[in-house]
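Feature list (source: Swiss-Prot):
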| type | residues | note |
| --- | --- | --- |
| DOMAIN | 52-163 | domain 'TBDR plug' |
| DOMAIN | 169-746 | domain 'TBDR beta-barrel' |
| MOTIF | 40-47 | motif 'TonB box' |
| MOTIF | 729-746 | motif 'TonB C-terminal box' |
| SIGNAL | 1-26 | signal peptide |
């Protein structure tokens, strides 16, 4: 059981009280004309063309700029904001850099920034380590497998829309913000951030240039103990981040517009603290020797560095249709923490640091036609190429052993995974038809062709042995090419019960190509005379990686009358295969076992008298794989957790306050690994100085200083516990922290 059982019960009572309160003192419902505006005023672009929410037969949430900025300035990350706002999006793990296992409806989502995919051939889970919240205009979340985007959208789409000059007031304006945060647990428990932007908006031209920076200090848990360093996916403690972003748009005429945008993002950890393994790694045999110590030095540190260019062109009159064109380029380098490897009889144990590079090119073209007032058709093509390479820094084991794992100096570099090139070409079409004044039908089809090229590769451990001089040569594991194709379909219907209420149902398919880099390039070798002879291997010719197809179903209801809003849905998704991460080798394995995820999600809010508003959200989810004796619980390494959240807010012309909480329910899998339950509360607020156009934001996070293991920490114990004692991977969340910031608009 978790360590917050009483807190969970209290929190459930807190949410129930909110729920009953929402119906007790609500204002009178808005009039009918206001109600129509409430449902139809929000337009989302997460699909292939802009659509009103009222036309879409699926669950959609929009987190607007005001909420994102208020929460971020009060000390929350984007992952935390979305995890507390989107019912079916898993909770964030405070302090973690990774988003691994932070699923949407129990499956990985496709993350987009202005429509450009942040997902790659290598599933690195750094998609949110990509942008400062200062630069975000809104986030659109489309839940469930998405046929129209196809690959790697089995959980849905999270589309991050950045701020542009066209969204600003006319003329030249500027904005600056600065803030700090601390839990006051030690002299290095201090975070700070600053950002600034200049915007220009005229009749034809618009532009925005911004820079945002952040530096974090030490992280402490609820008991006041320095958090253990995350040697698996790394944390954001002792981290420096910079996000430089610019865009320029030109309105050619009433119908045509072109826009260019670019970004440079760098997030790097540089810590004086490391995981102490004991003298000459004695803690691997005696886990009691593991501890966090100062004096850590390494010439290789965790980092996410990304550059991105994006150009879009729209023409509202191409033979009576709207043309949408987009071209994008993204390059990134992702580095991890030095990590132990068992090696083989020649290399012995060694430490390596993983560095993985991706170059992504994408082109998207779509035409939007409206042959009749009732029919809208969007059709087009996509093409993209993803090139991936990986290498590993090998460290001096003498220096590392003498320091107990606190001193890592590179002695050479070798390959880590085979190089992977994934090329995709797809055609798609989707239609929306207003069958009656109240009934809208939706349907779509996508045909996708994927070519994967895998390079020849010498096993990673064998390359290390050659570097060490303990071997002279090795056979290569053969690469090759493999092609995939899939036809994906979607169909749905939305029925408007009243001008403020809708019911909808949807079927959609998703396509997923599991991580090829961690699947290929694994071989068994024999060793003789300094040469490694390949005995057998996982390669393209003998055991090509199989794709996974997912069918997703949902029914839902939404209501928004301007005072009360509610959205709820039940869903079921079934995939034909399962992905397993080998606990000893960390290799990806594809298993011919069906995997299903089903659940119910909901979110409700109401505006009350005297400036109060309250809301609740919840998600009940089950993830199962099919075994010989029927369905059984999936591993906590990837299965989603159920959650319940709520808030009470109050605002007047100047001051706003919000007290919120979230309870994470315990989850145990078939192997008895557990994600413990916990409950967290936050208090955030802001005060606006109208005369100076300045806003003061503040926040208290983890108000009751709860000591808990994050969801990622529980997952990491299940995933990596075969390599070292599970205590090494028990990543806890931060204790009580305070944050304050000041924002000035010119």
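Using N, Cα and C of the backbone, Cβ positions are placed for all residues, glycine too.
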Tally of DSSP helical, extended and coil residues in the domain 'TBDR plug' (52-163): 23 helix, 31 strand, 58 coil
Within the motif 'TonB C-terminal box' (729-746), residues counted as helix, strand or coil by DSSP: 1 helix, 10 strand, 7 coil
Average pLDDT across the motif 'TonB C-terminal box' (729-746), rounded to a whole number: 97
